[in-house]
Amino acid sequence: MNQGILALVSSIGCTSAGSLQSLADAMHIPHLFIQRSTAGTPRSGCGLTRSNRNDDYTLSVRPPVYLNDVILRVVTEYAWQKFIIFYDSEYDIRGIQEFLDKVSQQGMDVALQKVENNINKMITTLFDTLRIEELNRYRDTLRRAILVMNPATAKSFITEVVETNLVAFDCHWIIINEEINDVDVQELVRRSIGRLTIIRQTFPVPQNISQRCFRGNHRISSTLCDPKDPFAQNMEISNLYIYDTVLLLANAFHKKLEDRKWHSMASLSCIRKNSKPWQGGRSMLETIKKGGVSGLTGELEFGENGGNPNVHFEILGTNYGEELGRGVRKLGCWNPVTGLNGSLTDKKLENNMRGVVLRVVTVLEEPFVMVSENVLGKPKKYQGFSIDVLDALSNYLGFNYEIYVAPDHKYGSPQEDGTWNGLVGELVFKRADIGISALTITPDRENVVDFTTRYMDYSVGVLLRRAEKTVDMFACLAPFDLSLWACIAGTVLLVGLLVYLLNWLNPPRLQMGSMTSTTLYNSMWFVYGSFVQQGGEVPYTTLATRMMMGAWWLFALIVISSYTANLAAFLTITRIESSIQSLQDLSKQTDIPYGTVLDSAVYEHVRMKGMNPFERDSMYSQMWRMINRSNGSENNVLESQAGIQKVKYGNYAFVWDAAVLEYVAINDPDCSFYTIGNTVADRGYGIALQHGSPYRDVFSQRPDF
């Protein structure tokens, strides 16, 4: 140092860089700092203090750390909402704090996990401490992961999780590290399954091969300038920046000599205490900042803030697949000026599954899956809403399928030994690739199989029988109540008696030879005849009798008019009104027993909510008491068709899938059913696949049919 210092070039960590920065600032010596990451682990920003720009003699050769910006852009492009970040023990997790803050504001679910040096012990601990359900949830979390670690640790980690079956073929991992070379990329792809996206720093290469070894006014070593040379491939990025930094200093020194503005170099001594700052330090620093060089890392120059703004990232990726030796292609590139150049969105998968034959298990459930009529001797053909969805996917993706009905005709429920039966059991035991029917997505089923996104909302309904219409000979009496008819009859008798008494006390003057008498029988007949608008035969000429009969005729007019109006309304009513109009009404009554399919999704849903002490709605507890009578055997059935028949021929209400019940009610030839529904759709129908199936994301995408 005492012979003279032109500039300090350091390739060290952040802690040591701070000490050199203080020395350079104090002695006015240009300091070109090249940050070096520990063991190839991704860098975190050093955060070198810059109190006064005029007194700052440290220049950052490597560009700022853009991991936060790049990861956020890639994750947004892939539309991830839930993922986990793995980082090794050498990485400072504070380096992605800005990224974590932004994804949290956007509502993404992000988990963090540190990867210890002993990866095998870490994986073994997971299997020893987690239950089966927790392990399955952890596997689901691993479907989307970001690896922030050095290539060696990433290769070991991927190997362990693949060999222990912690990841499935539909997983998608992102590895981000500036230091990954082509050899590391190929090795990572070879060890992984599913889909892999790799983000690394790249340097522009001249398109003209003859100009690759010539940059500006200098010649680069032929070994270093050849992109295919193994030596150049294995060089650390920090070493590439060191090479370019030396070229930059050489150009600055040459510029000083040409301008004849050279000052004596700085001289430092650890023995002398009176070392003074270099007088030409500021001039040398300005010459370096104004200069530039085109080297191994592209354009090396400095901005006003003393940093190198030139940085480029390339994004490499593979497609889904379990075969080895998959090809890696460039998906796009990123720089801080233009952002992402290229699209990471999955391309349409036309013919991507052409030649694949899937085995499909189903359960017959109208209108989702039904057996259509077929020619004698030909295989059964299926139709229905779910079959239409399956056919649309088959035409779009290019696969073929073989379909069969679950042996026990059930959707599936856990047994005492922990296994599953029905459609779900066929997937668990790998006898089928996918399952489709009126299958709802439930947490218990998601623990053992995978589901696509819902393709239709689901709600619970109730099937009830209409009241039977009977022929009633006395229907004409229905407009009035029996008590009212009794009052009318009594009134007829009373008025007839009063007419007789009035005529007996004051007999009318009859014409000579008249044969009409004013007996009690004739008075009664006269009052009744006038009531039914048929007139009378006895002439009443006295004033009192005529006044009474006038009032009686007015009363009869009002009663007959009311009767006529009520009779017309009664005869035009064809819809039988029921007191049960909702699930709440059903749960509050006990006259009609109701139930569902034993051990079905509806049964488990009512059981969980009915036995939950924190459930606010008391409807479920009331329903559970009815459904659970005699341990569920009294009011429940073994399959949906049995429940429908029980409604038709008995006093019973069947609680089941609203879409299925509406189809049954509409297509019943006797029109003997009606349904009530629940407008709240808290679940949905999905296609079930084997746990870890590579087809889940493929089936869940939304094609433009």
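Just so you know, glycine gets a Cβ as well, placed from its N, Cα and C.
The domain 'Ionotropic glutamate receptor C-terminal' annotation in TrEMBL covers 357-704.
Annotation comment: TrEMBL describes 367-429 as domain 'Ionotropic glutamate receptor L-glutamate and glycine-binding'.
Residue density at Thr440 (L-glutamate binding site): 22 other Cβ atoms are found within 10 A of its Cβ, drawing on all protein chains shown. What TrEMBL records for Thr440, Arg445, Asp657 is L-glutamate binding site.
Below 8 angstroms of C-beta separation, residues 518-520, 523-528, 531, 540, 542, 544-545, 548-549, 552, 555, 559 of the same chain, each at least six residues beyond the ends of the transmembrane segment (482-502), sit close to that stretch. TrEMBL lists 482-502 (among others) with the feature transmembrane segment.
The transmembrane segment feature in TrEMBL is assigned to 551-573 (among others). Listed as Cβ neighbours of the transmembrane segment (551-573) (distance under 8 Å, sequence separation of 6 or more from its ends, same chain) are residues 475-476, 478-480, 488, 491, 495, 527, 530-531, 533.
If you look up TrEMBL, you'll see Ile580 marked as site 'Crucial to convey clamshell closure to channel opening'. There are 19 other CB atoms within 10 A of the CB of Ile580 (site 'Crucial to convey clamshell closure to channel opening'), with all protein chains counted.
In sequence order, Trp624, Ile627, Asn628 are the residues of the chain that are 6 or more apart from Arg607 (site 'Interaction with the cone snail toxin Con-ikot-ikot') and have a CB within less than 8 Å of its CB. Sequence annotations record features per position, and here TrEMBL assigns site 'Interaction with the cone snail toxin Con-ikot-ikot' to Arg607.
A gap of 18 Å separates the Cα atoms of Asp657 (L-glutamate binding site) and Ile580 (site 'Crucial to convey clamshell closure to channel opening').
Note on Arg445 (L-glutamate binding site): other Cβ atoms within 10 Å of its Cβ, all shown chains, come to 26.
You'll find the Cα of Arg445 (L-glutamate binding site) roughly 32 Å from the Cα of Ile580 (site 'Crucial to convey clamshell closure to channel opening'). For the domain 'Ionotropic glutamate receptor L-glutamate and glycine-binding' (367-429), the mean pLDDT of the prediction comes to 85.
Between the C-alpha atoms of Ile580 (site 'Crucial to convey clamshell closure to channel opening') and Thr440 (L-glutamate binding site), the distance comes to 26 Å.
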